[in-house]
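Asks: Pasting the feature list from TrEMBL:
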- 40-58: transmembrane segment (TRANSMEM)
- 87-110: transmembrane segment (TRANSMEM)
- 122-148: transmembrane segment (TRANSMEM)
- 163-182: transmembrane segment (TRANSMEM)
- 266-288: transmembrane segment (TRANSMEM)
- 300-319: transmembrane segment (TRANSMEM)
- 325-348: transmembrane segment (TRANSMEM)
- 360-384: transmembrane segment (TRANSMEM)
- 396-415: transmembrane segment (TRANSMEM)
Amino acid sequence: MGSPTGQAVQVAEGAITKDLPDDVVGNQLHDVDPREERAFVWRLDVFFLTIGFLGYMFKYIDQTNINNAYVSGMQEDLKLYGNELNYFTTFFNVGYIIMLWPSCVIVSHIGPSKWLPACELLWGIFTCCLSVAQTSHQVLLVLCYLALHKAPSRRHFTAQKGVQGVCTIAVALAAFFLLPGYPERPNPLAKFYLKPRHIEIALARAHRVSRKPQIGITVKDFFRCFTFWQLWAFGIAWPLAGNTVPSNYFNLWLKSLKNPDGTKTYSVALLNYIPIAGQAIQLVAEVLFSGASDYFRKRLPFLLLHSAINITSLVILIIRPDTRAIHFAGYFLNYVGAVSMIILMAWATENLQNEPQVRTMLFASGTVLAYVMSAFIPIAAFPAVEAPDWKIGSKLYLGFTIVATFIFFAIHYRLKWETGREAKKHFDHETVNVSDNNNEAQQVRHGEALVIPENRNL
């Protein structure tokens, strides 16, 4: 496994100090007062997490509302009586897949504070375009363009998608000023809340944990990243564990339910409201799982707990019990399936602190694989024409979840083996040093000349 070239690291380190005052450069590696550091982290969280939350929230709403639209009248209005819903998802995902790797390379060169708001701005504009789509072909075209830069009943298009698009554009414009950039390449538009002293603290924190600065990814660097086993292991476990959630089709099952007299059990409003409870379960689970994982500094136990819950939910959905409450439980438990992504990201990050380029490409690769699965597998596994009695969907996802569980174990034991190997190397190195020092001391005691090698660093 390689590491960034010396020249590239020097270039990045030069970028760290280029725009900072001399007093910052001279003191950037000094110890930082813990109270001052906590105040800085709080300040960063207030702005960074707020804009990140808003950006992701509107992106998620814009992206997932197509299912809500389908059960809210779009199927009838646009005459979607085949697998058009699956094709909508596929076209969106294809655009996403095409742009993910190039986007990561671009952001490594120009920084996230410029590229991400620009993509979000275009996302908002294309979301507004969905508000005037009148045919399935128009929806497909706009979704593909939408995904390259990162839809509801026809009667809901204008109001809902228009409002969502405007909100997304507003968040994108704010992001130009609120995203902090990298510590070594801060966003100049964020100076109103990130002063030179704050940049100094950020650099000191990065230096304290020996984290290398982010540098631009070249073609050579791009291919070098794929020589790291971590990229493959985490990148494959990511979609297999977190992207196998039939809960995405929960509202299609709800729409199929009927009362004894043949009328539909749930109104259009309830078809959209009930899945919100599942999303709330997912939110709480993500906070609890990731928080506990960080607190105890353990990853594998919480990933295994996630797998146990996910497998239980999938078994219920495969059996399709007559008891409606148990069937509901199967879908609601399935929302916990998405929490593995955050834990895997944290696990990968802490084991690739010295490889910022590999981290970037790992996250991109995991996302690419996840969207490849989302683009093509649901067409066969969860075709809309089979809803709600899908033949292979949950069975296939159960297989993926079991494979992901084995990968969790493989990652754990491989990392454990590497840690032991590094510890042995360090011990052997220290033993050699002690032996050399003892030999030198004996030579001095016997009056022998002590010759110091030219290149030895004392």
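Glycine is no exception: its Cβ is also placed from the backbone N, Cα and C atoms.
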Asks: So, do the transmembrane segment (266-288) and the transmembrane segment (360-384) meet, by the test of 3 or more Cβ pairs under 8 Å (sequence gap 6 or more)?
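Replies: These two segments do not touch.
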Asks: Can you work out whether the transmembrane segment (163-182) touches the transmembrane segment (40-58), with the criterion being 3+ CB pairs under 8 Å where the paired residues are 6 or more apart along the chain?
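Replies: Between the transmembrane segment (40-58) and the transmembrane segment (163-182), which are separate recorded stretches, there is contact, as judged by 3 or more close Cβ pairs.
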Asks: State, in range form, which of 40-58, 87-110, 300-319, 360-384, 396-415 has the highest count of Cβ pairs under 8 Å to the transmembrane segment (325-348).
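Replies: Most Cβ pairs under 8 Å with the transmembrane segment (325-348) come from 300-319.
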Asks: Among 40-58, 300-319, 360-384, 396-415, which stretch has the most Cβ pairs under 8 Å to the transmembrane segment (87-110)?
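Replies: Comparing 40-58, 300-319, 360-384, 396-415: 360-384 has the most Cβ pairs near the transmembrane segment (87-110).
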Asks: Who are the long-range neighbours of the transmembrane segment (300-319) in its own chain, taking Cβ under 8 Å and residues 6 or more past its ends?
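Replies: Same-chain contacts beyond the ends: 241, 244-246, 289, 292-293, 326-327, 329-334, 336-337, 339-340, 343-344, 394-395, 397-398, 401-402, 404-405, 408-409, 412.
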